[in-house]
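**Student:** The following block contains the structure, expressed as structure tokens.
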Amino acid sequence: MTLTVSVLGATGSIGRSTADLLDQHRDRFRVGAVAGGRDAQALARVARELNAEFAAIADADAGPALRDALAGSGIACGAGPSAVIEAATRDADLVVAAVSGAAGLSPTCAAIRQGRTVALANKESLVCAGDAFMRDAKKFGARILPMDSEHNALEQSIGTGRIDEITRMTITASGGPFRTATRERIAAASAADAAAHPTWSMGMKINIDSATMMNKGLELIEAHHLFGIEAERLDAVVHPQSIVHALVTWRDGSVTAGLYVPDMRVPIAHCLGLGERLTIARGKPLDLAATGSLTFERPDEERFPCLRIAKAALAAGAAQPTVMNAANEIAVAAFIAGTIGFYDIAALVERACEHFAARFSTAPADVEEALAIDAEVRSWSEAALAA
Ligand code: NDP
Ligand code: MG
């Protein structure tokens, strides 16, 4: 049987790894829709490579370029946010949600409201509107498959076990490029320094989030929603080799863990397989003897305050994760643009969380409300940075 797969964020880091696997297993998959943000040429290339039925680009101005680039291919296309929603809601057995940032919220939500099976890479959607997302998934009968490496490893480590028998879920962090750097050195870091990730090859935004360790904070919140587990049973540990991605501790003291080489194609293949294991051509097998040692350390929340801030947002609940995520996106964009320093990211996020704590004192009731909060916090953050 051929499965139809749509890929949102098809030109990004996760999108390209997904495309590689879809290409390797052409007998198994047909590609429904692909969607991208602005780069019409890259989107047309992936649409042609995968012989997609439909290509959507979020930037309405890029529509003519996409149409030209797809001329003669027989691939239908559209531009603007509504075209991306069309890509998300077209008939498909699996929708890969790999748009970066809060821009992924609406299309991911639209796929969920169609009751689709969604392989979720876009962690910001759960951080921004986790309760609403999980409620919608239940209401519309959608399945969410965790594609983020740690959550995929958690899912595999849980297997058929019961969540109430788990005493702790631990996700690992590589520690990023500044794991051993002094605070002074980190404070002076440029976006290029921060983007030099030691173990993973990823998009720019998540690279910076890894350097600040906000990524681990986002992932703790993501785990909380995906597995319905409270903050007290969640934990993050630094593991520089990025081989063990997550560990589940059971009440009898047993620990099950998810291990694999740091290649996102492994968790992506696990999602695409829908219960069957896919082979990965050109995949490197895990060789523990060659790795030599696996080491673990506690994260340093002094040098990496974003992790502390994210844990506090998770514990506080309400709209704090939504506020935190929006302020973080603005701060990371400013850091990439070179207008603020590394520790200004944490400072802005913390200020935003304090500023909005009283104003947004309940969790967003739905994705629309989450997006409204997101928009308000973004404008406040931009104004705060400009002041
Ligand atoms: P990238 O920045 O590499 O890619 C983002 C993709 O989203 C691009 O295809 C981009 O297109 C597209 N896009 C941007 N805005 C829109 C929009 N409004 N509508 C449709 N498409 C849009 O990001 P990554 O692949 O690194 O990450 C994607 C998500 O997966 C993030 O949420 C990240 O946190 C998560 N993730 C990533 C991992 C990784 O290894 N990279 C690991 C685990 C999770 P364009 O370039 O044209 O703008
Ligand atoms: Mg991850």
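Keep in mind that glycine also has a Cβ here, set from the backbone N, Cα and C atoms.
Pulled the feature table from TrEMBL, pasting it below:
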type	residues	note
DOMAIN	5-130	domain '1-deoxy-D-xylulose 5-phosphate reductoisomerase N-terminal'
BINDING	T11, G12, S13, I14, G37, R38, N122, E124, G203	NADPH binding site
BINDING	K123, S149, E150, S174, H197, S210, N215, K216, E219	1-deoxy-D-xylulose 5-phosphate binding site
DOMAIN	144-227	domain '1-deoxy-D-xylulose 5-phosphate reductoisomerase C-terminal'
BINDING	D148, E150, E219	Mn(2+) binding site
DOMAIN	261-379	domain 'DXP reductoisomerase C-terminal'
**Student:** Specify all same-chain residues, apart from the site residues D148, E150, E219, whose Cβ lies within 8 angstroms of the center of the Cβ atoms of the Mn(2+) site, ordered by sequence.
**Tutor:** K123, P146, S149, H151, N152, L154, I171, N215, K216, L218, E222, A223, H245, A246
**Student:** Taking helix as H, G and I and strand as E and B in DSSP, count the residues of the domain '1-deoxy-D-xylulose 5-phosphate reductoisomerase C-terminal' (144-227) in helix, strand and coil.
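**Tutor:** Secondary-structure breakdown of the domain '1-deoxy-D-xylulose 5-phosphate reductoisomerase C-terminal' (144-227): 46 helix, 11 strand, 27 coil.
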**Student:** What number of additional C-beta atoms lies within 10 angstroms of the C-beta atom of G203 (NADPH binding site)?
**Tutor:** 17
**Student:** Taking the Cα of E219 (1-deoxy-D-xylulose 5-phosphate binding site) as the centre, which of the binding-site residues listed as T11, S13, G37, G203 lie within 10 Å of it?
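**Tutor:** Among T11, S13, G37, G203, not one has a Cα sitting within 10 Å of that of E219 (1-deoxy-D-xylulose 5-phosphate binding site).
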**Student:** Filter the candidate list T11, K123, D148, E150, H197, G203 of binding-site residues, keeping only entries whose CB is under 6 Å from an atom of ligand 1.
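**Tutor:** Within range of ligand 1: T11, K123, D148, G203.
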**Student:** Which of the listed binding-site residues (K123, H197) has the least company, meaning the fewest other Cβ atoms within 10 Å of its Cβ?
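**Tutor:** Checked K123, H197; of these binding-site residues, fewest Cβ neighbours within 10 Å: H197.
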**Student:** Specify the count of other C-beta atoms within 10 Å of the C-beta of D148 (Mn(2+) binding site).
**Tutor:** 26
**Student:** What does the structure give for the C-alpha distance between T11 (NADPH binding site) and D148 (Mn(2+) binding site)? Integer Å is fine.
**Tutor:** 17
**Student:** Could you tell me the mean pLDDT over the domain 'DXP reductoisomerase C-terminal' (261-379), as a whole number?
**Tutor:** 97
**Student:** Which residue, of the binding-site residues T11, N215, has its CB surrounded by the fewest other CB atoms within 10 A?
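**Tutor:** Comparing Cβ neighbour counts within 10 Å for the binding-site residues T11, N215 gives T11.
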